[in-house]
Amino acid sequence: MSDAQQITLLVDGEETKVTTGTTGAELFFERRDVVVARVNGELKDLDQELPEGAEVEGVTIESPDGLNVLRHSTAHVMAQAVQQLRPDAKLGIGPYITDGFYFDFDVAEPFTPEDLKTLEKMMQKIINQNQKFVRRVVSEDEAREAMKNEPYKLELLGKKNEAAEAGEGVNVEVGAGDITIYDNVERKEGTTVWCDLCRGPHLPNTKLISNAFALTRSSSAYWLGNQKNQQLQRIYGTAWPTKDALKAYQERIAEAERRDHRKLGSELDLFSFPDELGSGLPVFHPKGGIIRKEMEDYSRQRHVEAGYEFVYTPHITKGHLYEVSGHLDWYKEGMFPAMHVDAELNEDGTVRKPGQDYYLKPMNCPMHNLIFRSRGRSYRELPLRLFEFGSVYRYEKSGVVHGLTRVRGMTQDDAHIYCTREQMKEELTKTLTFVLDLLKDYGLNDFYLELSTKDPEKYVGEDAAWEEATRTLAEVAQESGLELVPDPGGAAFYGPKISVQAKDALGRTWQMSTIQLDFNLPERFELEFQAADGSRQRPVMIHRALFGSVERFMGVLTEHYAGAFPAWLAPVQVVGIPVAETFNEYMFDVVDQLKAAGIRAEVDTSSDRFPKKIRTASKDKIPFVLIAGGDDAEAGAVSFRFRDGSQDNGVPVAEAVKRITEAVRNRTS
């Protein structure tokens with residue numbers, strides 16, 4: 001073989017010579033787990049020829065990118081099945097998403113659960129046919145001819161040059177580079193049985209999907225995510241490399257449903273969402289109020305120890321405040337509409353005194369700036385750390401409101417720190433350490449950090465200030481030793497931020513605390529302090545919310561603990577259950593001793609039989625159940641029954657009180 005017939009590739013880090021025209025499938029022929037190739041950093045179908053000098057890496061089906069391709073290909077199979085079941089269905093967009101995929105369809109009737117079962121069977125037939133996914137590069141005219149009966153695809157072709165901004169999922173179908181169509185080709189006859197406008201890549205064939213997939217639900221969705229557009233029907237699904245992986249995922253989903261804080265909030269009588277109040281406006285019941293109070297009280301204690309000063313600000317303000325801050329320019333869509341008040345009219349209807357617009361506050365920072373500006377400040381006062389459990393109101397679309405984790409009225413544990421530029425990095429480091437330590441005290445221990453940087457279309461201030469702020473935040477994050485993940489364009493309009501991402505007991509990631517560095521609002525509010533040399537200087541401002549919001553954090557903790565809160569947070573920490581009514585008085589005496597020690601304890605004196613009382617305490621997820629019968633009363637003891645069903649019998653009352661109070665004080669149970 002002559003050199004002219006060969007090309008050199010860098011394959012998985014090693015230089016390799018292959019024949020000109022070699023495809024990824026040929027290169028990785030012996031590696032059956034490879035489903036696509038990464039060529040010079042881009043994912044490519046295995047049947048594409050590899051260019052001279054390319055860096056090539058085999059991507060396995062179990063890798064993150066391989067899973068995405070698997071799920072995207074499964075979405076195509078589902079769409080093929082839908083158009084077999086309903087030939088008049090028009091195709092929308094069908095991308096992969098976290099743990100699965102979806103596809104949108106314009107259909108006359110919504111899909112039913114029975115439809116999804118039928119579609120799964122049809123999909124399995126398609127998969128078993130081992131159809132090939134074949135990429136075809138076409139001109140725009142050819143694409144329009146192929147998609148002439150698909151109006152939504154034709155619309156996408158018109159958005160090719162604006163795919164990144166055109167709407168939800170558009171860049172899955174069209175974008176920079178060639179226009180491509182993927183054909184599903186029947187193997188025996190070699191005929192195309194279905195096709196879709198798509199950028200790919202895809203699996204080599206449907207057989208690789210196997211039977212490890214499921215359609216999970218259907219819902220409505222607006223075309224391109226825009227409420228002004230046609231409402232379509234969306235089918236969600238999931239796909240995994242093996243049946244065992246699918247089963248494990250389904251078990252995680254089932255456990256997540258059991259832990260759903262909305263369900264547990266109702267079952268445990270913690271909170272509710274009355275229709276009379278409106279969407280996203282929860283109320284906390286007495287038991288939920290106890291948990292919330294304990295969360296807030298401990299946070300207050302830790303903030304005092306860390307040198308924060310407490311402030312309070314009103315719920316509404318004149319609109320001018322948010323003109324100064326920039327919120328009305330950059331955040332108005334997230335605010336409730338203005339209330340126009342204080343106008344005075346003459347008898348003839350003419351205006352004697354113009355009114356003013358007032359707004360429910362979406363953020364506390366402008367008001368904290370007014371506190372800083374209320375008098376002269378010296379460098380000796382800095383860093384000044386202001387803290388507030390501040391109620392804020394944000395207009396979330398009704399479709400995204402979700403229990404406690406996405407509300408319209410919330411309480412932020414909001415701090416704003418004012419410091420000199422010289423203090424900036426040390427203060428950021430202290431703040432991050434404080435945040436992580438406090439989250440650990442609430443039972444979250446698995447973290448990584450995300451660095452959100454400037455959105456070039458939506459920011460205020462000088463580029464140099466943004467660059468300095470971003471660089472400093474990155475240094476602090478890297479020095480923490482935690483993984484740092486970039487979030488390009490994710491910052492608020494006034495400054496970059498670090499967000500702490502925490503994993504719960506199910507391994508799900510939640511955004512918790514945010515730490516934001518801001519040179520811009522001090523400029524807009526003309527904040528100043530007198531420096532050591534007598535000059536007037538601008539402070540640096542650090543925004544920090546630890547819980548994010550109290551409501552959201554409580555929702556996360558409810559699911560993290562599956563409602564079985566540690567004893568220090570539990571609404572009822574101890575339930576005493578006498579084995580018979582004869583021992584009620586003895587148990588009341590034990591509970592009185594616990595109450596005197598600050599423990600939330602009660603006696604179950606209901607008419608239920610003893611086994612039912614035990615089941616009730618278990619259902620209510622009580623941390624400590626104390627049982628007393630004749631032997632216990634005679635010995636001055638009680639028996640412990642724990643959440644896992646284990647018992648510790650004959651514990652002296654004084655020892656029982658000590659154990660419980662220590663567990664609560666040390667937050668160990």
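Backbone N, Cα and C define each Cβ position, glycine as well.
Marked as Zn(2+) binding site by Swiss-Prot: Cys365, His416, His543. Sequence-distant neighbours of Cys365 (Zn(2+) binding site): residues of the same chain at least 6 apart with a C-beta under 8 Å from its C-beta are Ser325, Asp414, His416, Leu521, Met541, His543.
Annotation source Swiss-Prot lists domain 'TGS' at 3-60, citing sequence analysis.
The region 'Catalytic' annotation in Swiss-Prot covers 260-566.
Residue environment of His416 (Zn(2+) binding site) contains 26 other Cβ atoms, counted within 10 Å of its Cβ in all protein chains. Within 8 Å of the Cβ centroid of the Zn(2+) site, not counting the listed residues Cys365, His416, His543, the chain contributes Met363, Asn364, His368, Asn369, Asp414, Ala415, Gln516, Asp518, Leu521, Met541, Ile542, Arg544. According to DSSP, His543 (Zn(2+) binding site) sits within a strand segment.
Its Cβ taken as reference, His543 (Zn(2+) binding site) is surrounded by 22 other Cβ atoms within 10 Å in the chains shown. Taking the region 'Catalytic' (260-566) as a whole, pLDDT averages 93 in the prediction.
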